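One structure is given below, encoded as structure tokens.
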Protein chains: 2
Amino acid sequence: MTDRLLELFEQSNGAFLSGEELSERLQISRTAVWKQIERLRQQGYRFEAAPRKGYRLLAKPDIFDLPAFIGKLQTERFGKHVKYYDEVDSTQTVALSLVAEGAPEGTLVLAERQTAGRGRMGRQWHSPKGKGLWMSMILRPKHIPLSFTPQLTLLVSVALCRAIRAIVPVEAGIKWPNDLLIGGRKAAGILLESSAENETLQHIIAGVGIGVNLEPDDYPPELRNVATSLFIEAGYRIDRVELLCRFLLEWEQLYALYHEQGFAPIKLLWEALSVSLHKPIRCQTAQGLVDGYAEGIDELGALAIRLQDGTIRKMYSGDVEFR
Amino acid sequence: MTDRLLELFEQSNGAFLSGEELSERLQISRTAVWKQIERLRQQGYRFEAAPRKGYRLLAKPDIFDLPAFIGKLQTERFGKHVKYYDEVDSTQTVALSLVAEGAPEGTLVLAERQTAGRGRMGRQWHSPKGKGLWMSMILRPKHIPLSFTPQLTLLVSVALCRAIRAIVPVEAGIKWPNDLLIGGRKAAGILLESSAENETLQHIIAGVGIGVNLEPDDYPPELRNVATSLFIEAGYRIDRVELLCRFLLEWEQLYALYHEQGFAPIKLLWEALSVSLHKPIRCQTAQGLVDGYAEGIDELGALAIRLQDGTIRKMYSGDVEFR
């Protein structure tokens, strides 16, 4: 019943609908109309009620429109199996249990909210309800050596950066290895949890968190200077369905390209989108700080840093800062 | 009670002990002595009984002597937590559940028999009771980039090869990446299952299967031409406790060296023990067969193959055959 009511409000394009009209068209009493509207209000819809005019829909709750997503998705496999949750502890944890059950490549776990979202190095990932895309995807790469895993990390960041640039008019860039920055602040993060048998990759759970429609108040104080969202940067709300469909399509296409042609084309795309290259950087590693000039990435995805004495040092992991 | 009886037989060094003497020393009836001996026979001990002489111990069952192992182990951490099982499906599976429970680095899972032992690429691993060392160890490397995992695979094979050569007079060699061969036949295998978060290793479960005292009849027909055991090669039974203690010590020392000095010293040791280098080989890869001359391994552990046209191709995974 609330579905039909919503349909009427959506067709009205923000105009008022009187209680009498709604009652007639839905063939329910005016009291029942009022009850349905109250129910929608509890779900997060906002209505204006005015004497003699009736009701009009002011705002819908930002609930991910799963049917629209399924209808619009243009991929062959990525996201074709989708598990959508209102709330989970962590989409990574849910995806891991799906891997154990044999879920196919491209299985997507999506949640409106994570209560214990995970970031890199055991850090927490802030995932407020309905404001972002908090997701994990299962990959089962074919015959990819373990040493090539960093290439897949870079591939995901390229796909995400291209999707954001296609949908939102912002200059998104990639900080090595895979942070998405806009104007120097982080708008999205990627966490790849992988498993391998000897020298061959078995599966990857690719966790991606995109700050889509967070407003400044949605961030805890310690994140306000370092994090941003697409909404904050663009100045308007971003359609999460459209963004996710584009991201999955870019990702699937790059992933196919990678399996066909290897890392070379991905490397070129990454370099073009990178904000880390050709500048002085400082890299925090387990062995201490490394200062140098970021020369490029190598065929395995390692960052090549030229030190002051001219030697090249390759970084396989670490946190990069600009000096 | 059977413990004290065994002690007396072990002290007698294979000489006969009369029922009367045993009865007196253990302060039990001669019928009780007979019952204890029957119980030991059921556990796999073999006794000779002779009129007027009594009993003598001919052979003990090959049960891994856990107390002796604990007493002789000279490591600081490797094997200090040990879980010993008479039978498991797979020591890898047991170790994985221990990882989830937070088991520390060096935790060892050991089984007399595996009913579903795992080899590379989903192959079965033949693990008959009491005849081998079927084991898994938990490693939690510190700040090791994912790309370096193959180095750790090679490290385990070096430790194992050194331990075998120290205890058994055989020419054990390593076939890239980590098969242990004696006289061209496989005597041990290594399966490393690893997990990573982005570009950093989280944990490794190192599965090692060593064919210690298997006799030719212990192998299924399809393995007889390709597999061998230390017993078959040396011509006498090998003490599993001694071999395992040595292996864990070599492994722990190399692992510490690796964390201090990196892969360079491990690489030298691997090259010295390799049977794959400086000869024509054929490598089966996902992309097809690669024929070439095995030049060496690189700083990441990849096998460098010189092709006929002189170019060098790096192999990160694959099955090697000698041509």
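Even glycines carry a Cβ here, placed using N, Cα and C.
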Annotated stretch (DNA-binding region, per TrEMBL) among the listed ranges B:19-38, B:39-58
B:19-38
Cβ under 8 Å to chain A, applied to binding-site residues B:GLN114, B:ARG118, B:GLY119, B:LYS186
none
Those residues of the chain, 6+ apart, with a Cβ under 8 Å from that of B:LYS186 (biotin binding site)
B:ASP179, B:LEU180, B:GLY211, B:VAL226, B:ALA227, B:THR228
DSSP-derived helix, strand and coil totals, residue by residue, for the DNA-binding region (B:19-38)
17 helix, 0 strand, 3 coil
Of B:GLN114, B:ARG118, B:GLY119, B:ARG120, which of the binding-site residues has the most Cβ neighbours inside 10 Å?
B:GLN114
Could you tell me which three-state DSSP class B:GLY119 (biotin binding site) falls into?
coil
Span of the biotin site, taken as the largest CA to CA distance across B:GLN114, B:ARG118, B:GLY119, B:ARG120, B:LYS186 (Å, rounded to a whole number):
19
